[in-house]
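Asks: Below you will find the structure I want to go over with you.
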Amino acid sequence: MKTQTRIAGILIVVVALVAAATGTGLAAVDTRQAQVEQPTQTQAQTQTQTQTQTQYCTYPSNGTYESFGVSNLSAPSDVEPGEPVTVSADITNPNDVPMIQCVEFRLEGDVVVRTGWALNPNETETIEFDVNTTDLEDGTYIHGIETRDFGELTTLTVAEPSEPEPEEPTASLQFDDQESDGSNVTVASANLSEGGYIAILDENGSVVGATDYLEPGEQENVTVPLLEPLNDNESVNLTAQAHLDTNDNQTLDFLTSNGTEDGPYAMNGTPVTDDAVVTVGEEPTTEEPTTTDQPDETTTTEEPTDETTTADETTTADETTTADETTTADETTTADETTTTEETTTTDETTTTHEPTDETTTTDESMSETPPPSETPIHNETEN
């Protein structure tokens, strides 16, 4: 009898405890449901505004409804110390009822900001958190935005700004095939962003010529003297190479410094160069010009010649035994000659022989001969 009484008492106590626990649990669930389902959209917005940027969210988690979702986290990856940071994400209510849930911004796992966010059924809004980095030391931090069951994380690097890297100097060259006198070559165009020099290299890479200092910018038809003249009747492959003035002394020290100073301009690690074939021809022999004095006058000579010769010869011979002999010789010579040049010459000439001859000569040279009076020598010989 006593044993039955004890068992009955224990059962009564257990039932009472279960009932108390069940009653408490149901009451708590009902309270939470009331709190979640109670706000209208206007009330939720008002409550959200009062809880924005507070570290405490007064809305407890309700496992009966799905957690707000998080997507599209956005934040800078690098900031300077003290620079403000804005972190944002899209928050979505997947439930069929309006509700408020807590949304947190966490840095290295610690809650920095917690706020209640109200959303209508299946609504999505973007939430932003402004973060002060004044107290953060240089380094990389994990941070993100989380809800009850979801969240997105990223990294933030805090560091002092680094010095900007200087722009890499640039150059371009145009070295064309050409003929040369052997003492220099010509670079058609060059553009050196920082100024410098143009060196000429032979096929072995040795420097055989260089310019003086060239100002920054474009240059055309740059003459580069060679250290030693090239051989006559020779064609050689030469390379033009752009050089910097690294020590700012406007003197090419590339050779004297064994390449440590005034090195070449480079593009993607390769020196800026251009090749050309230079041909040296045989030096022509220079002859002194000969000056010939030419008269200022123009002489025209025409020599048509008209020559008429008349010869009259008469011989009378009377021979008698008595030795009477008479010989008559008449000789007449007439010469007319005319020559036309810069000068006019008149010549009179008379010739008497035993034979009479009449001769007339006419040319463009005006020469006139006046015939002399006729001479007739008469010889009478009588022989007895």
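Cβ coordinates come from backbone N, Cα and C, glycine included.
Unlike curated entries, TrEMBL annotations are predicted automatically.
TrEMBL feature annotations, pasted as is:
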REGION    160-183  region 'Disordered'
DOMAIN    171-279  domain 'DUF7282'
COMPBIAS  171-183  compositional bias 'Polar residues'
REGION    282-384  region 'Disordered'
COMPBIAS  294-310  compositional bias 'Acidic residues'
COMPBIAS  311-350  compositional bias 'Low complexity'
COMPBIAS  358-369  compositional bias 'Low complexity'
Asks: Which numbers of helix, strand and coil residues does DSSP report for the region 'Disordered' (160-183)?
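Replies: Going by DSSP assignments, the region 'Disordered' (160-183) contains 0 helix, 7 strand, 17 coil.
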Asks: Across the domain 'DUF7282' (171-279), what does the mean pLDDT come to, as a whole number?
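Replies: Averaged over the domain 'DUF7282' (171-279), per-residue pLDDT gives 95.
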